[in-house]
Every structure is written in structure tokens, then in C-alpha cells.
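> For reference, the structure I am asking about is given below.
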Amino acid sequence: MTATILDGNALAKKLRADFKTRAEALLASHGTRPGLAVILVGEDAASQVYVRNKVNACAQAGFHSEKILYAPDVEPQRVFSRIAELNADPKIHGILVQLPLPKHFDSDAVLKAICPGKDVDGFHAENVGALMQGHPRFIPCTPYGVMKFLAEAGIDLKGKEAVILGRSNIVGKPMAMLLMQASATVTICHSQTRDLAFHTRRADILVAALGKPRFVTAGMVKPGAVVIDVGINRLPDGKLCGDVDFAAVSEVASAITPVPGGVGPMTITMLLANTLEAAEREAR
Ligand SMILES: Nc1nc(=O)c2c([nH]1)NC[C@@H]1CN(c3ccc(C(=O)N[C@@H](CCC(=O)O)C(=O)O)cc3)C=[N+]21
């Protein structure tokens, strides 16, 4: 079997064209342009690339955006007071603080400082709670992008075995909630899971979000499974690769996302979706 490749760039392009139309309509009807502020602390090269991609995506969709950069040793108080200004700024509908933050920051405290109505990452404790209670206000962008992929591919989740590798707050945990709400039977595996392959081989839907290059091999995948690769790993030669051994697993799976060009572009797309949604809510 050779798997269908789920093309994140193509789906992202289609959705972003729709967002651009909606943004133009909002501007015409209410004079509001969706606005995103992205805060980056430190000089990590990969983070700088992601932040630039987010700002460029905003420009292409006709959104306003602001990039706010701080040195790695910045006094946290300066970041908190900037967040307070952005919370009150009518041009800004979404605020994103790029993670991870330097060690002298309390990340939970920073995320909680963002007004929940502008928390387009969906990381504020209040929004995490709303997601768990089944009435999400902002769905975290990466799991949201995965759900869009599955919907676009016409994959029915009801009663399916979904296995997630990784239990992070930004991917694994919210991914589990969304798949459960879509009536899949969900298993979360992590670094202490015994006999990982036992679990992964049962999966109809396998989501890899553990951050280990090419960790998922063909022998760990049930023939015909749908494999979603959330990993973004940079190899010593500078190339990107996912958590899945793409070449081998695509011979076993029925559908698979590539890296690059899979979940990554969809993460940024759903950030635009949440920012647009925030702006539309305010106009209502
Ligand atoms: N508060 C916060 N929100 C985030 O959403 C967030 C974050 N912090 N910290 C870091 C991770 C990582 N992340 C990515 C987004 C897009 C690509 C992406 O577009 N990747 C391209 C390749 C880009 C490249 O060439 O490096 C692709 O997969 O095709 C990757 C990674 C968002 N994150």
C-alpha cells in the first residue's frame, strides 16, 4: 500500500484564502482589521523563523500584526506590562507568546496574564478548562490543524482507536480532548509507557508528537492507519524531519502527513483562524 499524502500547504492555502475574504468583509462591515501580536523572548533561530512565518501569514491574509522582540535576559515585568497594554489595545485581537520562554520566566503566569478573549493559542487556564468541559473558546492551533486535516480527508473518527504519542500541554493533552469529543477511543502514550508498539499497532489514527526524529517505524503501524506527524526535528545536516519514518511508514499507512509541509503550515493557519474568530466575536 502507498499512503495518500495529506498536503498541509494545499489545505492551508485553501483555508487562508477564505480567511482573507472574511477579513475583507469584516473590514468593510465594521472597519475592523484582525490584529495579532506575537511576543518573542530570546534569539532562538527556529523561533525567529516561526515568528516571521506567522507575521508573513498575517500580511497575506490582510491582517494587522505586530512582532515584539525582547533580549533573552529581559526583566519579566517588562513583558507583563506589555501584555497588559496589548490586552487593552483595540487593534489587537490575538496575543501569542512564543514558547518556550527563558528559564527565569514562569510560563504559566505569562500565559495567564493574556486576556482569555485574546488568547489565540488557547493556552490560558480558563480556555484549557473550557476545552475540557466541551465548549472550547480557542482550540490550540496544532491540534486544531490536525482535526481540520482529518475532516478534510473525510476520516470518520467515531469509535476509532486513536493513539497519541506525547502528553504535552500544547499538543498531546488538547489533541486527546478533541479526538475524544469526536467520539474516538483515545490512548495517550508517553516516555514511561510500557510496550509502546503494542499501543501504536492498535491505532486507526496515530498522532506522533514526542519530538524524536523518525521514532515511529513501519513495524509500529497498523496497515491502513492514518498517521499524523506533529514532530519538527532539525537533523545535523540542517534538514527537517518528523517523528515518523515517512518513507517506510507511507508503505503501511492509508494516509500520512509529511514534514515539512504537513501539520506545521496548518498550525499557522489555525492561528489565523483563531485571530479572525476573535475579531469577528468582538464585532458581533
Ligand atoms: N505560543 C506558541 N504557539 C505555537 O504555536 C508555537 C510555539 N509557541 N512555539 C513553537 C511551536 C512550533 N510551531 C510551529 C509552527 C509552524 C511550523 C511550520 O510552519 N513548519 C514548516 C517548516 C518551517 C521551517 O522550514 O522551519 C513545515 O512544517 O512545513 C513549525 C512549528 C508553533 N509553535
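Along the chain as shown, the residues are counted starting at 1.
Heads up, the Cβ atoms here are built off N, Cα and C, so glycines get one too.
Automated prediction, rather than curation, is the source of TrEMBL annotations.
Relevant sequence annotations retrieved from TrEMBL are reproduced here:
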DOMAIN    6-121  domain 'Tetrahydrofolate dehydrogenase/cyclohydrolase catalytic'
DOMAIN    140-282  domain 'Tetrahydrofolate dehydrogenase/cyclohydrolase NAD(P)-binding'
BINDING   GLY166, ARG167, SER168, ILE232  NADP(+) binding site
> Listed binding-site residues are GLY166, ARG167, SER168; which sit with C-beta under 6 angstroms of ligand 1?
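Among the binding-site residues listed, not one has its Cβ under 6 Å from ligand 1.
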> According to DSSP, which of helix, strand or coil covers ARG167 (NADP(+) binding site)?
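Where ARG167 (NADP(+) binding site) sits, the three-state DSSP reduction gives coil.
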> So what sits near SER168 (NADP(+) binding site) in its own chain, CB-to-CB under 8 Å and at least six residues off in sequence?
ALA209
> Near ILE232 (NADP(+) binding site), which residues of its chain come within a Cβ-Cβ distance under 8 Å, counting only those 6 or more away in sequence?
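In sequence order, the residues whose Cβ lies under 8 Å from that of ILE232 (NADP(+) binding site) (at least 6 apart) are ALA46, LEU240, GLY242, VAL259, PRO260, GLY264.
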> Please list residues from the chain of ARG167 (NADP(+) binding site) whose Cβ is under 8 angstroms from its Cβ, counting only those at least six apart in sequence.
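The list for ARG167 (NADP(+) binding site) reads LYS173, ILE188, HIS190, given in order along the sequence.
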> Does DSSP give ILE232 (NADP(+) binding site) helix, strand or coil?
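The three-state answer is coil.
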> CB neighbours of GLY166 (NADP(+) binding site) within 10 A?
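Around GLY166 (NADP(+) binding site), other Cβ atoms within 10 Å: 23.
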